[in-house]
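Peer 1: Starting off with a structure, shown below.
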Amino acid sequence: MVEQIKDKLGRPIRDLRLSVTDRCNFRCDYCMPKEVFGDDFVFLPKNELLTFDEMARIAKVYAELGVKKIRITGGEPLMRRDLDVLIAKLNQIDGIEDIGLTTNGLLLKKHGQKLYDAGLRRINVSLDAIDDTLFQSINNRNIKATTILEQIDYATSIGLNVKVNVVIQKGINDDQIIPMLEYFKDKHIEIRFIEFMDVGNDNGWDFSKVVTKDEMLTMIEQHFEIDPVEPKYFGEVAKYYRHKDNGVQFGLITSVSQSFCSTCTRARLSSDGKFYGCLFATVDGFNVKAFIRSGVTDEELKEQFKALWQIRDDRYSDERTAQTVANRQRKKINMNYIGG
């Protein structure tokens with residue numbers, strides 16, 4: 001039987017973000033800048049990661065508390081060996097209605113079919129430019145946008161439902177909004193543009209680098225005829241629009257200009273096995289990995305997850321100002337540990 005629990009702000013729990021690795025094969029400046037994550041950077045050893053059995057156990061207990069959706073993140077999740085084994089385990093859990101995965105797309109041809117066969121049906125591909133030269137400068141690994149576009153074509157050809165995520169930074173890739181909308185509109189693929197956020201500690205974020213939803217919308221309306229779309233469910237983070245001529249939808253994620261803390265239903269598990277109630281968390285998360293490995297029962301695990309959710313009062317984006325960002329003393333958890 002599913003228990004209905006809410007946090008201190010009355011928010012239910014519906015989603016679980018599972019980071020399966022802290023490693024990535026890109027070095028995007030806003031997430032894992034090469035100056036910080038160089039060739040000598042020490043990533044987590046395997047024994048510091050949750051095993052797939054541990055993740056499945058955690059997901060099963062969370063399903064009993066109301067979680068219906070699971071998203072697999074990283075780092076780059078396709079760098080975790082035998083990820084299809086985890087997908088198959090998660091697909092067997094009663095109550096889990098949707099399993100998604102966020103990826104940079106580079107390894108889709110290598111692993112996509114195995115993941116599909118294990119039950120994965122939905123992926124988000126992070127792609128911040130459609131121009132090859134610009135994309136190479138963003139990922140710092142000399143990977144062309146055309147390479148990722150080919151991987152996306154492959155993913156759709158095997159039956160995966162693909163959405164594309166684009167983090168927009170002023171003066172960096174805001175000139176990519178129109179060409180990317182045009183390209184994916186013709187492909188009938190949903191694209192979502194995300195306001196640049198101050199996740200982690202190393203991306204040099206400030207308000208001047210943010211292109212807001214309203215600024216994006218003004219740009220888009222000069223080139224396309226669009227209509228707004230009603231939200232599909234409670235807690236949907238994107239504001240959706242529809243192209244009038246072919247009905248293809250796109251989204252704008254207002255993580256800075258119009259925060260959505262009040263409807264956030266996500267629990268997050270970092271790659272080193274810690275619980276976080278917010279993408280912008282500063283306090284060290286509860287060590288779920290150590291708790292599980294101490295020999296607790298599923299009932300004890302459930303009670304701990306309930307307690308963690310019921311004391312949750314995070315609303316970082318609601319409270320974000322230039323002053324709060326400048327005065328912040330404690331470091332946030334880095335994005336490669338907690339996913340997006």
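Including glycine, each Cβ sits where the backbone N, Cα and C put it.
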Peer 1: Check Swiss-Prot for me: it has Arg17, Arg71, Lys163, Arg266, Ala267, Arg268 binding GTP, so pick out which one of Thr102, Thr133, Thr297 it puts in that same site.
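Peer 2: For GTP, Swiss-Prot names Arg17, Arg71, Lys163, Arg266, Ala267, Arg268; of Thr102, Thr133, Thr297, the listed one is Thr102.
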Peer 1: Based on Swiss-Prot, name the residue from Met1, Met180, Met197 that is recorded for the same S-adenosyl-L-methionine site as Tyr30, Gly75, Ser126.
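Peer 2: Record check against Swiss-Prot: S-adenosyl-L-methionine site with Tyr30, Gly75, Ser126, extra candidate from Met1, Met180, Met197 is Met197.
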Peer 1: When the Cα of Ser126 (S-adenosyl-L-methionine binding site) is compared with the Cα of each of the binding-site residues Arg71, Arg266, Arg268, Cys278, which one is closest?
Peer 2: Arg71
Peer 1: Taking Cα-Cα distance, which of the binding-site residues Cys28, Cys31, Gly75, Cys278 are within 10 Å of Arg266 (GTP binding site)?
Peer 2: Cys278
Peer 1: Could you list the residues of the same chain, at least six apart in sequence, whose Cβ is under 8 A from the Cβ of Cys24 ([4Fe-4S] cluster 1 binding site)?
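Peer 2: Counting only residues 6 or more apart in sequence, the Cβ neighbours of Cys24 ([4Fe-4S] cluster 1 binding site) under 8 Å are Cys31, Met32, Phe37, Gly74, Gly75, Glu76, Met79, Asn104, Asn336.
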Peer 1: Mean pLDDT across the domain 'Radical SAM core' (8-227), rounded to an integer, is what?
Peer 2: 95
Peer 1: What is the nearest of the binding-site residues Arg17, Thr102, Lys163, Ala267 to Cys261 ([4Fe-4S] cluster 2 binding site), using the Cα of each?
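Peer 2: So, of the listed binding-site residues, the one sitting closest to Cys261 ([4Fe-4S] cluster 2 binding site) is Ala267.
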Peer 1: In terms of DSSP three-state secondary structure, what is the assignment for Cys261 ([4Fe-4S] cluster 2 binding site)?
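Peer 2: Where Cys261 ([4Fe-4S] cluster 2 binding site) sits, the three-state DSSP reduction gives helix.
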